[in-house]
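**Student:** The structure that follows is given in the form of structure tokens.
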Protein chains: 2
Amino acid sequence: MTFLLAGASKTEMKNYNGNGLVYVMNPHLDLMDEDILYHLDLGTKTHNLPAMFGDTKFVCVGGSPNRMKAFAQFMHKELGLEGDGKDIKDICAGTDRYCMYKVGPVLSISHGMGVPSISIMLHELIKLLHHAKCRDVTIIRIGTSGGLGIEPGSVVITDTAVDSFFKPQFEQVILDNVVTRSTELDRDLAEELLECSRQIKDFPSLIGHTMCTDDFYEGQGRLDGALCSFSREKKLEYLKRAYNAGVRNIEMESTVFAAMCRLCGLKGKTEGRSGFKFVSLLC
Amino acid sequence: MTFLLAGASKTEMKNYNGNGLVYVMNPHLDLMDEDILYHLDLGTKTHNLPAMFGDTKFVCVGGSPNRMKAFAQFMHKELGLEGDGKDIKDICAGTDRYCMYKVGPVLSISHGMGVPSISIMLHELIKLLHHAKCRDVTIIRIGTSGGLGIEPGSVVITDTAVDSFFKPQFEQVILDNVVTRSTELDRDLAEELLECSRQIKDFPSLIGHTMCTDDFYEGQGRLDGALCSFSREKKLEYLKRAYNAGVRNIEMESTVFAAMCRLCGLKGKTEGRSGFKFVSLLC
């Protein structure tokens, strides 16, 4: 794994190397008396984060609050925990920006729609896992997506997130500098998830590239937005080029997700189910 | 007002010119049998949009669902409508992507955080207002923002939204072409709102540029994200340059809001209150 954070020193990386902790690449944090995770309604002084989250091993994130609640309830059942899980509590109930549920070692969190929205959540989630001293955490984004040349209902397990120009990169504006970050995801985890999915009947799944756009209508070639200046032919020609570049589905969060996971030592993966309104865990 | 939509013909614009209707710049829409506003859980066949929304004159949008409900309840009281407004119904209750309340001629809608999230809502809102045959609609974005060199609690009424490089433009990726759109807002409306605010005691308000970033932490010079590679000095130097370019507050939605309002004939305005957690209507 290569770390691409602009300005991260070798010493910083060495401190974390190989201990399974979640990296925070910010020297200023050590100087702060208190860290308030504003959009999660949590903080280092108001909450005992190691006690609340220290045993977390899996983080599953998705756009919709209702779906992430349903996913937590599904996990509650799968893990054979006590009770029916119906009264599961939103840990972020004090804010309506995101919701968060914890079920055994699994955290289920919503992130809204688009790169900026998931990015705020990821900054605060990564700091949360860091403060809680979590180790060897795997993070999986699950969500709906538009499939490209694949059977409806297929699950695409992303190997690399690409931008609207099919490039495997995320352009992060830092102050007014543009920094390019890699968007490759964990190949072993992808293979593992694919293997799991093959054990489930009628569960078409594949590994492929996922394209991330900043717009649902004009950016993804939809003809039914309030604005549309291209023809059906132009749209199809673009989608064909995307397919030829290895893209198998389109969504709106994967590039920043991949970039931040790589930088902070989280084994990350996104899965998008095409044509379904509800998401499923693969294994 | 200049319309900048790539590919919009003069005839299209002429059809709308001067009648106060909300523009939809998409020739494909006329050919569709049904228009489903998926993220609002509304549609042209399932809902009588002119009956439900035809009298709308003001649309107020903001990030948080709870705040937009509270704003609708505030408007209910201000307009002297019957009842206490506590049981006000979320028109988009069938989805958890956005919430929407209607109080007399005022629509109050949440849009989540960031350009992609508000952009999906705006596409569907503009089509909604178009299908409902609304006329002379004013849209105002109200929200919290980071103030720059101004008294905490001040309300910035935006004249122009600028990007992270202080440019008055929004770069829209259409398929894989980058189209630059203007982000100027309605000057008369800004002056009108400023005049209203002056009639309220202890309500500091000013007209200025608003900077829109795609990131809350690294993009806005915050030192407390999970990633930070710049010094406090570099941050201050950047913010000083922003101030000198006319920026008075920073948020995450104004450029696409301004660009889409201009294109679709909505008198648009954003207001951000600096340092407050709750938003207030100016007049």
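Quick reminder: no glycine exception, Cβ is built from N, Cα and C everywhere.
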**Student:** So, in TrEMBL, which cysteine from B:C92, B:C134 is disulfide-paired with B:C99?
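**Tutor:** As annotated by TrEMBL, the paired cysteine is B:C92.
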**Student:** Could you tell me which of these binding-site residues, B:R97, B:R141, B:R222, has the fewest other Cβ atoms within 10 Å of its Cβ?
**Tutor:** B:R222
**Student:** Taking B:R97, B:R141, B:I142, B:G143, B:T144 as the record's phosphate-binding set, what's the max Cα pairwise distance in Å, rounded to a whole number?
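**Tutor:** Greatest Cα-Cα span of the listed binding residues: 20 Å.
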**Student:** Return the single residue from the binding-site residues list (B:T144, B:Q220) that has the minimum number of other CB atoms within 10 Å.
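**Tutor:** It is B:T144 that, of the binding-site residues B:T144, B:Q220, has the fewest other Cβ atoms within 10 Å.
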**Student:** Write out which of the listed binding-site residues, namely B:R141, B:T144, B:Q220, B:R222, lie with a C-beta under 8 A from a C-beta of chain A, sequence order kept, or 'none'.
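**Tutor:** Cβ contacts with chain A under 8 Å: none.
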**Student:** Below 8 Å Cβ to Cβ and six or more residues apart, same chain only. Which residues does that give for B:C92 (disulfide bond)?
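**Tutor:** The answer is B:L40, B:D41, B:L42, B:Y98, B:C99, B:M100.
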**Student:** Measuring Cα to Cα, how many Å separate B:G143 (phosphate binding site) from B:R222 (substrate binding site)?
**Tutor:** 19
**Student:** Whole-number Å only: compute the distance from the Cα of B:T144 (phosphate binding site) to the Cα of B:Q220 (substrate binding site).
**Tutor:** 14
